[in-house]
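Worksheet: one structure, shown below.
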Amino acid sequence: MSLSTGQPNATSWRGFVFLGFSGFGELQLLLFVLFLCLYLVTLTSNIFIIIVIRLDSYLHTPMYLFLSFLSFSETCYTLGIIPRMLSGLVLGDQHISYVGCAAQMFFSASWACTNCFLLAVMGFDRYVAICAPLHYDSRVNPILCAQLIGISFLSGYLFGLGMTLVIFHLPFCSSHEIQHFFCDTPPVLSLACGDTRLSELGILILSLLVLLVSFLFITISYIFILAAILRIPSVQGRKKAFSTCASHLTVVIVHYGCASFMYLRPKASYSLERDQLIAVTYTVVTPLLNPIVYSLRNRAVQTALKNVFQRKLLGKG
C-alpha cells in the first residue's frame with residue numbers, strides 16, 4: 001500500500017482497478033440508480049418466473065422446466081457482476097483483488113456458457129414438440145431433462161474454468177487498470193505481458209466451441225421446425241406452432257448477437273466505449289429480457305401468473 005496516496009500500487013498490491021465508468025464523473029450516481037432499478041426488476045422477475053413455474057402444475061413440463069433453470073442461471077450470472085458494479089458506482093472503490101478478479105471471471109464465464117447450452121437444450125425441446133409431437137412425452141422424459149440440465153451446468157463450469165486458466169496463467173504488466181466494469185476476458189487479457197497470441201487463440205477456440213456449436217445446434221433445430229411448420233395446411237395452425245418458438249427465438253438472437261460480438265473477434269478491435277455498451281446490454285438488459293419476453297408473449301405463463309395472484313388473494317381473504 002502506498003503511504004503517500006493511500007492507494008494500492010502495482011508493486012505492493014496484486015489486484016486490479018476498474019475504469020469502466022470513471023469518465024462519467026457526477027453521472028455515476030445517476031447510473032447507480034438506473035442500474036439498481038434494472039437489476040431489482042431483473043432479479044425479481046427471474047425469481048418470480050421460477051416460483052410461478054414451481055407453483056403452477058400446468059407448467060410442470062420440460063419446456064418450462066428448462067425456462068426455470070435458464071432464469072436461475074441468468075440470476076446467478078447477474079449476481080456475480082452487478083452488485084460489485086453497483087458498489088463501485090456508489091462507494092467509489094473500484095479495486096478488486098487478483099483472486100477476486102479470477103473468481104468473478106470464472107463464475108461469470110461459467111454462467112454465460114451455461115446460458116448458451118440451456119438455450120440449445122430449449123431449441124431441442126421445441127424441435128421435438130413441433131416435429132414429433134406424438135413422441136414428445138416419451139422422448140423428452142424426466143430422465144433426459146435431468147441429464148440435459150446437468151450436462152449444461154457441468155459444461156458451463158468446465159468452459160468457464162478453461163477460460164479463466166488460459167488468462168490467469170499469464171504474467172500481468174505494471175498497469176492493472178481494467179478498461180471495463182468487471183473482469184471480462186477481453187479487457188483482462190489486454191493487460192497481460194509478453195506474447196499473448198496463444199492465449200488469444202485458446203480463448204477464441206473455447207468461445208467458438210460454446211457459441212458456434214450451441215448456435216449451430218439451435219439453427220439446425222429451427223430448420224427442421226420451419227420445415228415442419230410450413231407443412232401445416234392452415235394459416236392459423238402455422239401461427240400457433242410458430243408462437244411457441246417466438247419467445248425462445250427472440251432471446252437467442254439478442255443473447256448470441258451480443259456474445260458473438262464480444263468474444264469472436266481479435267484483441268486489436270476492442271473499444272472501451274463500444275464494448276461497455278454491449279457489455280451493459282448482455283449483463284443488465286438481456287437477463288431482464290428473458291422473463292419479460294416469456295411473460296408477455298406466452299399465454300400459459302400469463303395464465304399461471306393470474307392463477308398465482310388469485311390464490312394469494314383468496315388465501316388472504
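Residue numbers in this text run from 1 along the chain shown.
Including glycine, each Cβ sits where the backbone N, Cα and C put it.
If you look up TrEMBL, you'll see 45-294 marked as domain 'G-protein coupled receptors family 1 profile'.
Annotation comment: TrEMBL describes 29-52 (among others) as transmembrane segment.
Marked as transmembrane segment by TrEMBL: 64-82 (among others). Long-range contacts of the transmembrane segment (64-82) within the same chain, counting only residues at least 6 positions beyond its ends with a Cβ under 8 Å from a Cβ of the stretch, are 35, 39, 42-43, 46-47, 49-50, 53-54, 104, 107-108, 111-112, 114-115, 118-119, 121-122, 125, 145, 148-149, 152-153, 156, 182, 283-284, 286-287, 290-291, 294, 300-301.
Sequence annotations record features per position, and here TrEMBL assigns transmembrane segment to 102-122 (among others).
Long-range contacts of the transmembrane segment (143-168) within the same chain, counting only residues at least 6 positions beyond its ends with a Cβ under 8 Å from a Cβ of the stretch, are 62, 65-66, 69, 73, 102, 105-118, 120-121, 124, 185, 188-189, 192, 199, 202-203, 206-207, 209-210. If you look up TrEMBL, you'll see 143-168 (among others) marked as transmembrane segment.
Long-range contacts of the transmembrane segment (201-229) within its own chain (CB-CB distance under 8 A, at least 6 residues past either end) are made by residues 113, 116-117, 119-120, 123-124, 126-127, 130-131, 159, 162-163, 166-167, 185, 189, 238, 241-242, 245, 249, 252, 256, 259-260, 263-264. Taken from TrEMBL, the feature transmembrane segment applies to 201-229 (among others).
Residues 112, 115-116, 119, 122-123, 126, 129-130, 184-186, 203-204, 207-208, 211-212, 215, 218, 222, 225, 228-229, 232, 275, 278-279, 281-282, 286, 289-290, 293-294, 297-298 of the same chain sit 6 or more residues outside the transmembrane segment (241-264) yet have a Cβ under 8 Å from a Cβ within it. Positions annotated as transmembrane segment by TrEMBL: 241-264 (among others).
Packing against the transmembrane segment (276-296) from elsewhere in the chain are residues 20, 35, 38-39, 41-42, 45-46, 48-49, 67, 70-71, 74-75, 77-78, 81-82, 180-182, 184, 247, 250-251, 254-255, 258-259, 261-262, 302, 305: each is 6 or more residues past its ends and has a CB under 8 Å from a CB in it. According to TrEMBL, the transmembrane segment annotation covers 276-296 (among others).
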